[in-house]
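See below for the structure under consideration.
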Amino acid sequence: MNPRLAAARALAAVLSGKASLNSSLPAQLDKVDERDRGLTQDLAFGTARWQPRLDLLAAQLLQKPFKAADADVQALLLVGLYQLFYTRIPAHAAIGETVGCADKLKKPWAKGLLNAVLRRAQREGEELLAGMERDPVVRTAHPRWLQKALKAFWPEQWEAICAANNAHPPMILRVNRRHHSRDAYLALLAEAGIGASACQYSRDGIVLAEACDVRGLPGFAEGWVSVQDEAAQLSADLLELAPGQRVLDACCAPGGKTCHLLEAEAGLANMVAIDLEAKRLTRVRENLDRLQLDAELIACDARDTASWWDGKPFQRILLDAPCSATGVIRRHPDIKMTRQADDIPALATLQGELLDALWPTLEVGGMLLYATCSTLPTENTEVIKAFLARTPGARELDLATEAGLRQPHGRQLLAQEGGHDGFYYAKLIKIAASRG
């Protein structure tokens, strides 16, 4: 299959609201030659990254918008525009190959439309975009609701946040301290000719000069190292783990933090890791097996404690709550296409429900670390503020890290070009069992 068609079909599923790019793309990658998989991936992720900008350009070039049933043609047009403005593919090849894919859509009218619009884009696109630059949606390539939210919440940083969201993310490793120190693993990378340096905040983190195939990393198959962003790595030390503790990782998939907690403290009495979907726990088990670690995995709704909790209290809880994922857009650019403004209040409600449900499972004197990969205070400091107000037995603790910006509650890490993702942490201690 032509990589342009494969990318467009994956993107069409996203545009139709049927899938994320991570779930729709693998099936399409299986249909292209192995040598074209890199191009297919770039076309899909690159188009998603710049979709808000390309969509407004397409609106200028089209006489009328696409119907919902024509998401495949819309996606193919966006892939064509991405090639013209963001790749080194010669214009004649980008247009010819993209238009040629239209035959596979079984929509006879699509070929002529794509040919006309892409050729006009080649002639007039740069001038049209220049005239649209005043629109922050065009300038930042972020949907309007998100651009406005970031500007409102982060008036001094919002443009830098958008720039970081549009940048290619660095590849960051987490060294398994059960096997090597970070310095020792840096030496192994140097011996292998792989450029790398220590992360600023995570004691286990290493940022690679260039992304590489994990199979080329020393000891990857043996569990010496994993791929995980620096911001997500902070949870292991912030939780203040100690031997004999019973730990809960709520909403644990894909298991990176579960594994890191087990690596960080070999003497834990018990690790319970839960997630809503059983199929997502398969990935958690694969990660545990590669690292030769073990945890009790349970598929359940964390809010329904009667269905999974055995009544034995936890000394530590990590709640990496479901969120808008606005801090990891650079890794999942289709978030720009799928997330909507009205998702945020619903997510904040869910986050509060999770805190309320899990709090009774925490031992008096125990700690709960609340985390999200969101950059929106509605899901972060405001959720913690509301929880503290309704929970007399909860107190907030300072976070032992300089990462991020201090907030009224917790700390907010903003995505940085070449650095960590956007993330939020707040740490709570249970000082009394009763709740008002």
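Any Cβ shown, glycine's included, is placed from N, Cα and C.
On a predicted model such as this, the values are computed, not experimentally measured, just so you know.
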Which of ASP229, ASP275, ASP342, ASP343 shares the S-adenosyl-L-methionine site with CYS251, CYS252, ALA253, PRO254, GLY255, GLY256, LYS257, ASP301, ASP320 per Swiss-Prot?
ASP275
What is the Cβ neighbour count of ASP301 (S-adenosyl-L-methionine binding site) at a 10 Å cut-off, with all protein chains included?
14
Please report the number of other Cβ atoms within 10 Å of the Cβ of ALA253 (S-adenosyl-L-methionine binding site).
22
